[in-house]
Amino acid sequence: MKRRKADLQQAPVTFAKGVDERFQASTPLRALLNKVFPDHWSFLLGEIALFSFIILLLTGVFLTLFFDPSMTETAYQGAYPALRGTEMSQAYASSLHLSFEVRGGLFMRQMHHWAALLFMAAIVVHMLRIFFTGAYRKPREANWVIGMALFLLGFLAGFTGYSLPDDGLSGTGLRIASAIMLSIPVVGTWVSASIFGGEFPGHLIIGRFYIAHVLLIPGGLLALITVHLGLVFKQKHTQWPGPMRTNTNVVGERMFPRYALKQGGFFMAVFGTVALLAGLFQINPIWLFGPYRASEVSSASQPDWYVMFLDGLVRLMPNWQIYIGDYSIPPLFWPAVVGLGFFTTAPMAWPWLEARKTGDKRVHNLLERPRDNPERVGIGSMAVTFFLIGTISGGNDVIADKFHISLNAMTWGGRIGLIVLPALAYFIAVRVCLGLQQHDREVLAHGVETGIIRRLPNGQFVEIHQPLGPVDEHGHPVPIEYGGWVVPKKMNRVGALAPAVKGFFYPVEKPSEAPVSPGMPPVSGDTREEITSGRK
Amino acid sequence: MTSDTPARRRLRVFSRRRGAPSRARRRLGAAVRMLAALALAGGVYTAFAPGAFADEPRQLSATALEGKQLYDNSCISCHGRDGQGVDDRGPSLIGVGSASVEFQVGTGRMPMVRQEAQAEQKKPLFDKNQTKQLGQYIQELGGGPQVPEGELVENLDENAEALARGGELFRVNCTSCHGFGGGGGALSSGKFAPSLSASTPEEIYAAMLSGPQNMPVFGDNQLTPEEKREIITYITLQLQEDRDPGGLFNLGRYGPSTEGVAIFLVGITILVFTSLWIAGKS
């Protein structure tokens, strides 16, 4: 038998050639693999959300293998002694079984919950980056709207998931949700009855939420995320202004190999962080809440953090009940239905509102530094302040208790703060932006402060400035136009010292182009080695 | 009326005397009966009821006398002579029992620093022995609930269901203020339900019996002594022992509010630094 000698070095080539001859893949693949992505740390925030979503899918599939979405009553006989013999729903019993008896089950449940919190947190942080840098401007308005819709879907996914274990806390949350539905004038009773299949809590809600949580909402999320990323691909990622960067090009790294490798590494980092959280921090100890009973409510019953602003607005709402004929509008209606509807949908219109106000219809592929648009930063700060006060008020009983503040004072502080502080935040943010702008212009006009004070013969002291550009015949710097990017403000930044070693790890690679300086001798080339196979 | 002559009246009076007693006579009879009833009731009462006032100083035991010394030094300014209370300063202590004293003084809540929404727990001013003496004094002044002698925590080897029953009772009766993890919670206007993480079985029992500060009284009619012991079993063996799985840190068990803080302080912080690091390596 003749044994063919395999040429290992040629193997990838022959394989790729074979694939291309059959599928003609090289042309589209070349375009794809060579696609350039700009590189900046703030562009990675959205990826945290994407990667958490992948973790959610993976851990969620594991949880479905053991969870039983049934409200049939059973007497618990599992491993947790403090609930043995207690009557509870099958859903709660299977959640306990999953937590205590399934190997790794509690860890997976905690990973799933932490990943959900991280998913929503990353969405919000990513959205703040998009907003404050003006990345939503034409042509990317559609992606802004999709992002808001993703937040809303994530909100629903989180709430349905929070309700599934059917423990005391999630039942309390469901009770509030049903109260919110009931508060809608005229149709409220029908809305609640149709969702719960009759009077709260009924026997259907866990099964219905289960389908919504494992199929409908994730399907919607997956579809919207696909469109979201597809649009980023098609419209290309925005980039910061800077040398060589214009509105019509993209400066960055190719998709393959560097960008893909970085993203792969970042996925591992996100996965590791979620696993770390799940392993170190207890989350949602359902066994302490007990099975849901309408008569049992714990103090400090809060929703997850992304719903807490809604809870806070409900807590701050004064008790104003409106009666119209036979009907009434309870105060809960305003923050919970009108407020939630407004705050999740109205921001979708922001890109068009801003374009209308400024009359700016141009295409923007370059980002704006926040300081260059004080108006936008001011409005964003207002929104963030409003959201923060709502969120803090959502946990105001815990804060009141732990920091020894009267709960009534917390409530009134929240009410007044909700009106006063956003305006204050707007003012401060605008002033800070203007101040930063002015300092940039100052450095461009006069140069960098060197810290060298010179005494003139007449006794006067002057500080020496290092001009950033050429000087005129009197030695005064020629003013430089602001380019929309970082202005060096320290001598180190203009090459007075060797580049410092950046980062908090001992550097793997030494700075390659260190200038000759007494502080740091130049890197010698003779320490390099030829890369070999490693075999001697 | 023409027929109303004196002769006729006399006649009518005469005839009435025959049929029914006169008004004066009826009144006289009623007065006599009333006097007799009063005399009977009063006599029975005097015969059987104790004296309205204690006729001589109480015979206090030696322990209670020591307690009275302490009381007259540290408590009398607010609770008054012989625990009768002072308006707008301190309530009467007649009938609160030694359970209340042992809880309030033993946890340092009494003596109070100042009048405020609720007395704070602090380092006790009196040691265990002195607290017992004070409790004995108040007990002998007017009686009241006492913490029973004996083991207050059920033995789970003999009575395994006590833990689950205690948990159930805890969730029905206690979590609405103290929280599902016993970490405490806020009430209105600066009042609060304290954390149970360091409470001893005796303190919990005394608190349930006496309803200190803003806590309702859970007398033996609401929660039987056995139910009280089951609740104490759940608090001390389940909540305080921290036998929950799920990681090194339970985040104070304050629910989603601390979890929300953790996701930003730990999760987002780590990942923002990671993205700074990854983007910096280019």
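Heads up, the Cβ atoms here are built off N, Cα and C, so glycines get one too.
Between the listed ranges A:298-316, A:374-392, A:488-506, TrEMBL ties the annotation transmembrane segment to A:374-392. Of the two recorded stretches, the transmembrane segment (A:209-233) does not lie close to the transmembrane segment (A:113-132), with fewer than three CB pairs under 8 Å once pairs fewer than 6 apart in sequence are set aside. Across the domain 'Cytochrome b/b6 N-terminal region profile' (A:15-241), the prediction's mean pLDDT works out to 94. Most Cβ pairs within less than 8 Å of the transmembrane segment (A:374-392), among stretches A:41-67, A:113-132, A:264-283, A:332-353, belong to A:113-132. Long-range neighbours of the transmembrane segment (A:264-283) within the same chain, counting only residues 6 or more positions beyond its ends whose Cβ lies under 8 Å from a Cβ of the stretch, are 44, 47-48, 51-52, 54-55, 107, 110-111, 113-115, 117-118.
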